[in-house]
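Undergrad: Below: one structure in C-alpha cells.
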Amino acid sequence: MDGEGGSSGLAKSAAIKLSEMGERTKQLGTAMRDPHQQRRIILVIVCVALLLDNMLYMVIVPIIPDYLADLESEQSEHVHVVMHPNTSANSTSQDKSNKDNLDVQIGVLFASKAILQLLVNPLSGTFIDRVGYDIPLLIGLTVMFLSTCIFAVGENYATLFFARSLQGLGSAFADTSGIAMIADKYTEEAERSRALGIALAFISFGSLVAPPFGGVLYEFAGKKVPFIVLACICLADGVLLLTVIKPFSNRTRDNMPVGTPIYKLMIDPYIAVVAGALTVCNIPLAFLEPTIANWMETTMHSSQWEMGLTWLPAFFPHVLGVYITVKLAAQNPNLQWFYGALGMVIIGASSCTVPACKTFGQLIAPLCGICFGIALVDTALLPTLAFLVDVRHVSVYGSVYAIADISYSVAYAMGPIVASQIVHSLGFVQLNLGMGLVNVLYAPALLLLRNVCQMKPSYSERDNLLEEAPQGLYDTIKMEERNAKKKSYRSAGNCLSVDENGFDPFRAQRSLSEESSGAEYT
C-alpha cells in the first residue's frame, strides 16, 4: 500500500511539474508573439550576429600570423634539409624573402573578407529588398557558421583563405539584413537611434575583445578552440532566429513594397555624403589595425601582451560615444550632422597624435579618441540613412544599409594592403597625418545634411512606386486624384501645410482617403 501511495504521489508531482512547464511554455510563446517583446528578441538576435561577425573578423589577428609563420618555418626547414643538407648559405636572404612573402599573404588574407563583402553587397541588398530581412539573416548566419568551422579545421593557407572569403559572403547577408531589420522594426526616430546604438556597441565589443579572447585561447588551448566557441554561439543564434521569427512561414513579404534600386540610392547626394563619411571615418581604424603592432615593436619595444591589448581600452569610450550621441539625438535630432562632423574632427586630431606617443600608456589616449569619434559618426549617421530612405524613397532598408556596408568594406579592404605600402614608402607618421587630414577636411561636407531633419515625405510609398508610370486603371485613377488634390491645395494658398503643432492637413486627408479606398500594396 505504501508503495502504491508513493508511486501515485510521484505521478501527481510529475503531472503538476509538467503542467507548470506547459504553462510557462505557453507564456513564453505568448510573449514571443507580442510585437513589443518580439522586437526586443529580434534586436538580441541581430546584436549577437553582429558580435559574432566582428569577433570572427578580429579573432584571427593574434592567431593567424603566428600560425602561418609556424607553417612557413616548418616548410622552409623541410625544403632546406632536403635540398641543402650540408650547407646554410644564403639562409639570411631566404629568411628575409620568406618574411616578405608571409607579410603579403597575411595582408591578402585579412583583406579577402572585406573584398568579397564589397563585391556581394550590391546583390545582397537587392535580394534583401525582394525577400525581406529574415531569410537573408538566416543565410548569413549559416554561412558564418560554416566559415567558422572551416577556420577551426583549416591547416593550410588555401583553406584559411577560403574560410576568410566565405565569411565575407556571410557578412554581406547577415550585417546588412540585421541592421535593416532593426531600422524596419524601430520606426520612431529616438527608438531607432537607441536600437542602432546598441547594435554598434555589440560591433565594437566584438572587434575590440576578440584579439585578447583569441590570443589567450590560442596560447593555452590551441587554434581550434576559439573558432569552436564562436561556431556554437552562431548555431544557437540561428536556432533562436528559426524559433522566434520562423522565416519560412512568414507571408507578410508577399505584400512588401518594392524598394528603390540600389543604383538610385547611390546617386542620391545625401546618401552619398553619409556613405563617404562612413568610409573616411573608418579609414584610421582599418589602416592602423594591421600596422600599429609593428610600429609599437620597433619604436616602443612593446611586449606581446601590450600589442594584443592595444585596442581593448578603446571599447569604453566607444560605448560612451554611442550613449552620448543617442541621448543628444533624442534631445536635438536636427543636429545629427553636427555630431557626425564633430566625430570626424576628433578622429582627425587623434590620428595625428598617434605617432607622437612614446609609451603604451600614451598611445591609449589617441586610440580611445579615434574610437570615440567613430562612435559619434556611426551613431549619428546610420539612423540618418533610414530617415533619408523614409522621406525621399521607399521605406525598404536592405539596399541603403548595403551601401553602408559597402562603405565599411571599402575601408577595411584597403587597410591591410594599402596601409602597409604607405608605411613602407612614406612612413608611419605620414600615414597618420594623411588620415587625420582627410577626416578633418571631409567634416564640412556634413553641412549638406543640416536641413535633412526638416524634410517631410511629400509622397506616399505608393506614389514613389508610381513615379515612373502608372500601371492599370486603378493606379491611373489614384494618381489623377492625388494630383488634383495637390493642385487644389496649392491654389487655395495653403502654403504652410504644417501648422505649429506639426499637423499636416493634406497628409491627414490623404491618409483617410487611402484607408477608405483599401490596401495600398498589392
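The backbone N, Cα and C atoms fix where each Cβ goes, and this holds for glycine too.
No curator has checked TrEMBL annotations; they are predicted automatically.
Reproduced below are the annotations present in TrEMBL:
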type: DOMAIN; residues: 42-522; note: domain 'Major facilitator superfamily (MFS) profile'
type: REGION; residues: 499-522; note: region 'Disordered'
type: TRANSMEM; residues: 41-64; note: transmembrane segment
type: TRANSMEM; residues: 135-154; note: transmembrane segment
type: TRANSMEM; residues: 195-213; note: transmembrane segment
type: TRANSMEM; residues: 225-245; note: transmembrane segment
type: TRANSMEM; residues: 265-288; note: transmembrane segment
type: TRANSMEM; residues: 308-326; note: transmembrane segment
type: TRANSMEM; residues: 338-357; note: transmembrane segment
type: TRANSMEM; residues: 363-388; note: transmembrane segment
type: TRANSMEM; residues: 400-423; note: transmembrane segment
type: TRANSMEM; residues: 429-449; note: transmembrane segment
Undergrad: With Cβ-Cβ distances below 8 Å as the criterion, list the same-chain residues six or more beyond the ends of the transmembrane segment (400-423) that contact it, or say none.
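TA: Distant contacts of the transmembrane segment (400-423): 103, 106-108, 110-111, 113-115, 117-118, 121-122, 124-126, 128, 171-172, 175-176, 179-180, 183, 262, 265-266, 271, 274-276, 278-279, 282-283, 285-291, 294-295, 382, 385-386, 388-389, 393, 430-431, 434.
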Undergrad: Output the single range from 41-64, 225-245, 338-357, 363-388 maximising the number of Cβ pairs under 8 Å to the transmembrane segment (195-213).
TA: 41-64
Undergrad: Quick one: do the transmembrane segment (363-388) and the transmembrane segment (265-288) have at least 3 Cβ pairs under 8 Å, skipping pairs fewer than 6 apart in sequence?
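TA: Answer yes, regions in contact.
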Undergrad: So if I exclude everything within five residues of the ends of the transmembrane segment (338-357), which remaining residues of that chain have a CB under 8 angstroms from its CBs? That is, six or more out.
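TA: Contacts with the transmembrane segment (338-357): 277, 280-281, 284, 288, 292, 321, 325, 328-329, 363, 365-370, 372-377, 379-381, 384, 428-429, 432-433, 435-440, 442-444, 446-447, 449-450.
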